[in-house]
Ligand SMILES: Cc1cc2nc3c(=O)[nH]c(=O)nc-3n(C[C@H](O)[C@H](O)[C@H](O)COP(=O)(O)OP(=O)(O)OC[C@H]3O[C@@H](n4cnc5c(N)ncnc54)[C@H](O)[C@@H]3O)c2cc1C
Ligand SMILES: Nc1ncnc2c1ncn2[C@@H]1O[C@H](COP(=O)(O)O)[C@@H](O)[C@H]1O
C-alpha cells in the first residue's frame, strides 16, 4: 500500500510572529520556516507503517512556493521515498486555501492511487483545520480526523480520535483520509547520513495547471492586524495579597 | 437571508452554552434555523427551540447520526443546504470534523473559528495561534463557518420556536462508531466555566495534579492543562487549553506551573482576569497575567486553597 503524506511549509513554531504595520499580513521574509509540526507526526506514522511492512511506499507532497523543496527534502531525509512539489505561488506570503489544496491532492490521488492519506489536523499558520476533511469529501473516501492512534487492519482502519469530551474510536473503510493530532507519535529527527541520501531521492515538480486545478482564492484577506493587547498586570508578593486582590480589586471571587 | 446552524448535540443532549453562543453570532447573519441531529435529538430540539433568536428547529433522528460521524452528518446538512446562505456551527471538535466536509461538497471554502462578524460575507478569525487577526471576505455563494464561542455571549431564552422533523439523507456508510472514552465529571465544562484552574509541566506528576483539582473544586472551577501536562500523562487530552486544544475565556483563569508558550496563550489570553503562579520570574506567562505570583506551586497552591476557605 502506498501512503501519501501532504506536508506544508510554515513559519517555525518557535518564531515570534510579526504582523506587518500596514495590515497586509504577517512578515514571512527572512524568518525560519519548517515543516508543519502535525505533518511531521503524519509522516512519522507513514514511515513507521513502512518499517512495519504495512506500507510499501511513502510519498510526500507539498503545495506552495518553490522553497517548499526544503520541506520535502526534510521529508525525504526523515524517510519518505519520493516527493512531489506543486509550485502554486511565487510569493512566500501567498497561502493556498484548503479547498484548492484538497483539489490538488485529489488530482495527485487520481494519479498515484495511494491506499491511505495521512496529513496533519491543522496548519499552524492559517489554523484552518480543514484540508483533510475537504479532501475526504472530494474523493469520497472515509474520514478520520484528530487521530491519536491508527491501526490499519486489511479493509479497515481503526482510529482513536481526540474529541472535546475525551477519546472516540471509529472504524473506517479503506482507503481513508486520516488527519493526526499531537499525541500519535514522536517524530524522529533526520540523521546526517539520511540528509545526504535524501539529496538523491526523486523530487518531482508540477504546477496546478498540470492537474487542471484552479487555485484562485475564494476568500480575500482585507486586513491582518495584531490582536488587542492586554493591559499590564502587577506582581503580588504573597498568597494573601493575591487573595485580597482577587476579592477586592478584580471582584472575581 | 437564512442561516442553518448545526447545534452541538452529544448523546441526545444539547450543549446549551456552545449552541447559544453560536446563535448570538448567527442572528447577526439572518434568520436562524437550528438543526439538531442525532440518534435521539428530539429533546435537544425542544431545548434549542427555547434559545432566544431561534426562528425554527429541525430535528433529524437516525442511528447513523448517533455519534456525529462526519460522513452522514455532512450528507444531511448538504441535503438541507439549498435554502440557506450561511451554514454555521460552534467550533467544537465535532463541527470542525463535519463543516469543512460540508463546504467541500458545496464547492465553497470553510471559514474556521470566526471570532467576529463584520457583515454577511466578511469575518474576522485568528491565525498563527492568535498572534494575528485576519479579516476575510468570502466570494462564495454560500458561507460555511465555525464560530469561536469564547468571543460571543450566550443568547438568553425566549418563546419556543416551532420544531419540525426532517428526513435523514443517504449515509455513505464509510465509517462506524466503535467506542467513546469520555470522562464523566461533576465539574463545570471547560469552555463554559466561570473559573478555570490549569496546571502545566511544573506540576510534575499525575498524583500532584490532585493539587490543581482540589483548588478547582474549592472554586467550583473547571480544570485545564498545558500540552506538556497532557503529553506527560498528568491530565487527559480533553483538558488541553491552547492553539490545538480548547479555547476558553472565563472570568478567572489561574495558570499554575505553566510557562506561557504562545500555543498555550492562544487558548486563554481572552480570559477576563489571568493569574499566574510560577517559580520562574522570567516565565512569559507573567506578560499576560493580571496578577503574577513568583512562588513554588507546591507551597502556594495549598496555601491558596486553604485561604479561599
Ligand atoms: C503544533 C503545536 C501545538 C501546540 N499546541 C499547544 C496547546 O494547544 N496548548 C499548550 O498548552 N501547548 C501547546 N503546544 C506546546 C507549547 O509549545 C509548550 O511546549 C507547552 O505549552 C509547554 O507547557 P508547560 O508550560 O506546561 O511546560 P513548560 O514550558 O516546561 O513550563 C513549565 C513551567 O513550570 C514552572 N515550574 C516548574 N516547577 C515549578 C514549581 N515547583 N512551582 C512553580 N512553577 C514551576 C517552570 O518555571 C516553567 O515555567 C503546542 C506546540 C506545538 C508545536
Ligand atoms: N499547502 C499545503 N501543502 C501540503 N499540505 C498541506 C498544505 N496545506 C494543508 N496541507 C495539509 O493539510 C493539513 C491541514 O491544513 P489546514 O487545513 O490548512 O489547517 C496540513 O497539516 C497538511 O497535512
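Glycine residues also receive a Cβ, built from the backbone N, Cα and C atoms like all the rest.
As given in TrEMBL:
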| type | residues | note |
| --- | --- | --- |
| BINDING | B:201, B:226-227, B:240-244, B:257-264, B:278 | FAD binding site |
| DOMAIN | B:3-181 | domain 'Electron transfer flavoprotein alpha/beta-subunit N-terminal' |
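Overlay of TrEMBL feature records on the structure.
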{"residue": "B:201", "record": "FAD binding site", "DSSP (3 states)": "helix"}
{"residue": "B:240", "record": "FAD binding site", "DSSP (3 states)": "strand"}
{"residue": "B:258", "record": "FAD binding site", "DSSP (3 states)": "coil"}
{"residue": "B:264", "record": "FAD binding site", "DSSP (3 states)": "helix"}
Residue among binding-site residues B:258, B:261 with least C-beta crowding, 10 angstrom cut-off: B:261
For each of the binding-site residues (B:240, B:243), count the other CB atoms lying within 10 A of its CB, then report the residue with the highest count. B:240
Which of these binding-site residues, B:201, B:243, B:258, B:261, B:264, are close to chain A by Cβ (under 8 Å)? B:243
Taking each of the binding-site residues B:201, B:264 in turn and counting other Cβ atoms within 10 Å of its Cβ, which one has the fewest? B:201
State the mean pLDDT for the domain 'Electron transfer flavoprotein alpha/beta-subunit N-terminal' (B:3-181). 97
